[in-house]
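Going by Swiss-Prot, these are the annotated features:
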{"type": "COMPBIAS", "residues": "1-21", "note": "compositional bias 'Acidic residues'"}
{"type": "REGION", "residues": "1-82", "note": "region 'Disordered'"}
{"type": "MOD_RES", "residues": "Ser2", "note": "phosphoserine"}
{"type": "MOD_RES", "residues": "Ser2", "note": "N-acetylserine"}
{"type": "COMPBIAS", "residues": "28-49", "note": "compositional bias 'Basic and acidic residues'"}
{"type": "COMPBIAS", "residues": "70-82", "note": "compositional bias 'Basic and acidic residues'"}
{"type": "MOD_RES", "residues": "Ser98", "note": "phosphoserine"}
{"type": "COMPBIAS", "residues": "121-163", "note": "compositional bias 'Basic and acidic residues'"}
{"type": "REGION", "residues": "121-200", "note": "region 'Disordered'"}
{"type": "MOD_RES", "residues": "Ser169", "note": "phosphoserine"}
{"type": "MOD_RES", "residues": "Ser176", "note": "phosphoserine"}
{"type": "MOD_RES", "residues": "Ser177", "note": "phosphoserine"}
{"type": "COMPBIAS", "residues": "191-200", "note": "compositional bias 'Basic and acidic residues'"}
{"type": "MOD_RES", "residues": "Ser213", "note": "phosphoserine"}
{"type": "MOD_RES", "residues": "Tyr229", "note": "phosphotyrosine"}
Amino acid sequence: MSDEEVEHVEEQYEEEEEAQEEAPSPAEVHEPAPEVHVPEEVHEDALEDMREEEEEEEKPRPKLTAPKIPEGEKVDFDDIQKKRQNKDLMELQALIDSHFEARKKEEEELVALKERIEKRRAERAEQQRIRAEKERERQNRLAEEKARREEEDAKRRAEEDLKKKKALSSMGANYSSYLAKADQKRGKKQTAREMKKKILAERRKPLNIDHLSDEKLRDKAKELWDTLYQLETDKFEFGEKLKRQKYDIMNVRARVEMLAKFSKKAGTTAKGKVGGRWK
């Protein structure tokens, strides 16, 4: 028996139940109408109308018969209910499958987005690395060019000095002694500079404050401040002393120049004839 035939049988069965509910009981159908006491004043037409209505009510209604089911076939309502449940389950399963497919698609899109972000981040890091490497190469190239130029300048100056020395050495031995003296003076200056560096290195001790506490750090800072203040005071006093010394030297030079002028004038006025000749 096909599904369409089963549904058709179900519809006929439901229509039969509704008709039986709406149909009146046999007692109501065959119950005689009550007698009506009509007053004498009522017109005969009204009586006839009432009789016609009573006759219509007393007419028997057609009996409803159940639909005929083909012989050899039985309607299994459990099977119908089971099919409905299976249909609902299939629809629910389809909804669940579509939900999980959409969720799986969203997860795949999220994974693809993360992969694109990671790829872009790696590309950006690679670009930064290449840019930094190029910048490093450029700095190295500039440093090499600078060192090469300095080396060429030093070589050129050395060649020029050598040419000057050769040209001047050909002029005589006197210049060689002059060069020796100049080299000696230069050596003395370098020695004095080295001595100054050595003295400063001895005076300037390394500041080791990693192991000190807060109180000792404050004491050390106060000590350094006092030392700096004393150095500035000494510097100011030495500057003032140097100014006074320069002023005294200028005064002495002015007096010496004035005395030299007066002595020259006195020498010219004291000239005279001594021993038959002018002095």
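Cβ coordinates come from backbone N, Cα and C, glycine included.
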Contact set, same chain, for the compositional bias 'Basic and acidic residues' (121-163): CB under 8 Å, 6 or more residues outside the stretch: none
Alpha-carbon distance [Ser98 (phosphoserine); the residue listed as 'phosphotyrosine'] in Å: 85
Between Ser98 (phosphoserine) and Ser213 (phosphoserine): CA-CA distance (Å): 71
Ser98 (phosphoserine), number of other Cβ atoms within 10 Å: 10
